[in-house]
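First the structure, then my questions, so here it is.
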Protein chains: 2
Amino acid sequence: MASGMELALMEARYAAERGEVPVGAVVLGPDGAVLAQAGNRVEELNDPSAHAEMLVMRAALQARGGQRLADCTLVVTLEPCPMCAAALAHFRVGRVLFGAYDPKGGGVEHGARLPFRAEALHRPEIIGGVRERESAALLKSFFQNLRQPGAGEESGRGG
Amino acid sequence: MASGMELALMEARYAAERGEVPVGAVVLGPDGAVLAQAGNRVEELNDPSAHAEMLVMRAALQARGGQRLADCTLVVTLEPCPMCAAALAHFRVGRVLFGAYDPKGGGVEHGARLPFRAEALHRPEIIGGVRERESAALLKSFFQNLRQPGAGEESGRGG
């Protein structure tokens, strides 16, 4: 069976094929079963908030009909941005595994470090750097292709 | 013609009638025309991220078919939480007017103060305290009713 991070990496690759910044995410239930999986759909949905994490947390709640994700694990290929980092608390996500660190755009281990702030409503268990190199390589290759003239359509998740 | 904040307050009242935490929001285009208006729908959609601000920013982009909201004003009855405060940057909102300050849950003038951080991608013009007392009174009355046994269904936007 594919691991959560393998599925998230697959979603990231699909996202790149759609011209989206390659980030993928999966929510696993308490028994490790996949509740939802999603990739970035910012361009497709014309929605700057349609990050993989937001889509997959929403889909996981719909899938289980529950109220929160306290017994679940969110697996995502990139360190969540501040919007997604704050949403982790709203969804009461129990555990987060992420791939590449994002020193510029991250909001978990970088920047505002929202889950670690005193006023945070909820703090998930957080494990970063899981298969970091594969996640980072996908992103690097995507942005290198964008910079080569004629190598693809101009994108821009815009942070 | 009703002002943006009047419409946002109306949306907050509708939200309370639906059993949602009473927060309402409006996006105004560069000419002051209403592009979208929304209230909280966390309970109805079973989506802890369905805050009025997220719904209205998404709807405004759909309405105008544009990419970003740099020439628009977001009007909201309560200081945005960190998730919504971070989303303001993703949507490149030009200006934010908010009603009541939220010392516990706010992420604009309180807590992480995301728009004012050095790494913020974009900083909207921000004006807080617009018709503050009316917004705060709506919230106070809503939570007082919740605490009175038999006075309504239990809610809980959960932050």
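Sequential numbering from 1, following the chain as shown.
Cβ coordinates come from backbone N, Cα and C, glycine included.
Fair warning: this is a prediction, and the values are worked out from it, not measured in the lab.
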Report the candidate from B:His51, B:His110 that shares the Zn(2+) site with B:Cys81, B:Cys84, as recorded in TrEMBL.
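Record source TrEMBL; matching candidate: B:His51.
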Between B:Cys84 (Zn(2+) binding site) and B:Glu53 (active site, proton donor), what C-alpha distance do you get in Å?
6
Taking the Cα atoms as reference points, how far is B:Glu53 (active site, proton donor) from B:Cys81 (Zn(2+) binding site) in Å?
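Per the Cα atoms, B:Glu53 (active site, proton donor) and B:Cys81 (Zn(2+) binding site) stand 10 Å apart.
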How many of the residues that make up the domain 'CMP/dCMP-type deaminase' (B:1-109) does DSSP mark as helix, as strand and as coil?
40 helix, 23 strand, 46 coil
Name the residue among the binding-site residues B:Cys81, B:Cys84 whose Cβ has the smallest number of other Cβ atoms within 10 Å.
B:Cys81
